[in-house]
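Undergrad: Just passing along the structure, written as structure tokens.
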Amino acid sequence: MADFYDTLGVNRNADADSLKRAYRRLARQYHPDINKEAGAEERFKEIGRAYEVLGDPEKRARYDQFGEAGLGGSAGMPDMGDMGGFADIFETFFSGFGGPGSSGARTQRRGPQQGDDLRYDLTIDFNQAVFGQEREIKIPHLETCDVCRGTGAKPGTGPTTCSTCGGAGQVRRATRTPFGSFTQVSDCPTCSGSGQVISDSCQSCGGQGVKQVRKKLRINIPAGVDTGTRLRVSGEGNAGPRGGPSGDLYVFLKVKSHARLKRDGLNIHSEVNVSYLQAILGDTIEVDTVDGPTTLQIPSGTQPSAVLILDNKGIPKLGNPVARGNHCISVNIKIPSRLTDDEKILLEKLAIYYSAKGPQNHHHNSGLFSRLFKSNAS
């Protein structure tokens, strides 16, 4: 006899929800009314036996300790009269079936229904994501036929009640299962669940009640969006069947990377190169930001890899564009690989000056100075 956990495809530590999900999935797959393959019915019974034990905490504890021997012959197909929460599972499975305790047919689908939602992927520039922009897009979607107004019937005519289902949109058939007799409810094959048939179709839409058209839309992209941001455009999805309301359009954004700027949440990061003299003496330079060229103060004594902050020059907060992040600028100090004779003389004098100030400054040929005093020879 197969292990009950293996039968359900779960590990021995599986919780009640995992067991229930596994059982529902397998019961759907192997139900005799759905799966006509040889052995499906026997497999269905094994699945039922496994869940009947593992779904009961007391029986599961005995099974975990003693195996099937600890069940005392109690493991078997569940009794419909003593199923407890087990019956709820079957009510979920067979929402299209009627049977003991069943409420019967599903909600009918006659009349207008809402149309499907649509997805549109839009790529935008870095600065467009920062500050927002209005963009024009073209989408193909279904619109209600303006000739038949969604009925699908030729003007002057109309749909008639389906003779197969009597307008219910559903048909039933009795089915016997290991759990007793059930009434399976399915869409009517004649009217496809609408409860109505069209004898004389609209020539404009071919009886569909909808037509595919390409439509121009102007999309407002708010400031602060990022890759993965989803914008909802109400009522711009597909038109619903039989004159039903349209679904929605969802625009998914992808933001192009910037050549020099990098986004990190609400902050922007970039780098700037300065000379060793600018780092030592300080300077005022101009840097690129999303707001355009901006003045940046380089403090005297700036160290390599120092990060200077431009407040409120980052990304606006989505939904509250007044609040912005910062622009963080990493400073790269460039050491010249070649010096002119005049530069070398001046720096040598500076090195001598520092050497005279104390022993700690004596080894001027190492570190910064060793990099400055490279030979000018080619």
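Placed from the backbone N, Cα and C atoms, the Cβ positions cover glycine too.
Sharing the record's features from Swiss-Prot:
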BINDING   CYS145, CYS148, CYS202, CYS205  Zn(2+) 1 binding site
BINDING   CYS162, CYS165, CYS188, CYS191  Zn(2+) 2 binding site
DOMAIN    3-67  domain 'J'
REPEAT    145-152  repeat 'CXXCXGXG motif'
REPEAT    162-169  repeat 'CXXCXGXG motif'
REPEAT    188-195  repeat 'CXXCXGXG motif'
REPEAT    202-209  repeat 'CXXCXGXG motif'
ZN_FING   132-214  zinc finger
Undergrad: Within the same chain, where does the repeat 'CXXCXGXG motif' (202-209) have neighbours whose Cβ lies under 8 angstroms from its own Cβ atoms, ignoring anything closer than 6 residues to its ends? I mean 6 or more beyond.
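TA: 144-148, 150-155, 241-243.
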Undergrad: Counting only residues 6+ apart in the same chain, whose Cβ is under 8 Å from the Cβ of CYS202 (Zn(2+) 1 binding site)?
TA: CYS145, VAL147, CYS148, THR151, GLY152, ALA153, LYS154, PRO155, GLY209
Undergrad: 10 Å Cβ neighbour count around CYS165 (Zn(2+) 2 binding site)?
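TA: CYS165 (Zn(2+) 2 binding site) is surrounded by 22 other Cβ atoms within 10 Å.
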Undergrad: Look at the binding-site residues CYS145, CYS188, CYS191 and tell me which residue has the greatest number of other C-beta atoms within 10 angstroms of its C-beta.
TA: CYS191
Undergrad: In the repeat 'CXXCXGXG motif' (188-195), how many residues does DSSP assign to helix, to strand and to coil?
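TA: Per-class counts: 0 helix, 0 strand, 8 coil.
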Undergrad: For the recorded Zn(2+) 1 site formed by CYS145, CYS148, CYS202, CYS205, name the remaining residues of the chain with Cβ within 8 Å of the site's Cβ center, in chain order.
TA: ASP146, VAL147, ARG149, GLY150, THR151, GLY152, ALA153, SER201, GLN203, SER204, GLY206, GLY207, GLN208, GLY209, VAL210, LYS211
Undergrad: For the binding-site residues CYS148, CYS162, which Cβ has the most other Cβ atoms within 10 Å, all shown protein chains included?
TA: CYS148
Undergrad: Can you check how the pLDDT averages out over the domain 'J' (3-67)?
TA: 87
Undergrad: Applying a 10 Å Cβ distance cut-off over all chains shown, what neighbour count does CYS205 (Zn(2+) 1 binding site) have?
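TA: 21, counting other Cβ atoms within 10 Å of CYS205 (Zn(2+) 1 binding site).
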Undergrad: Taking the centroid of the Cβ atoms of CYS162, CYS165, CYS188, CYS191 as the Zn(2+) 2 site, which other residues of that chain lie with their Cβ within 8 Å of it, listed in sequence order?
TA: SER163, THR164, GLY166, GLY167, ALA168, GLY169, GLN170, VAL171, PRO189, THR190, SER192, GLY193, SER194, GLY195, GLN196, VAL197
Undergrad: Report the DSSP secondary-structure composition of the zinc finger (132-214) as helix, strand and coil residue counts.
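TA: Split by secondary structure, the zinc finger (132-214) comes out as 0 helix, 39 strand, 44 coil.
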Undergrad: What is the interatomic distance between the Cα atoms of CYS162 (Zn(2+) 2 binding site) and CYS205 (Zn(2+) 1 binding site), given in whole Å?
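TA: It is 21 Å, counting Cα to Cα.
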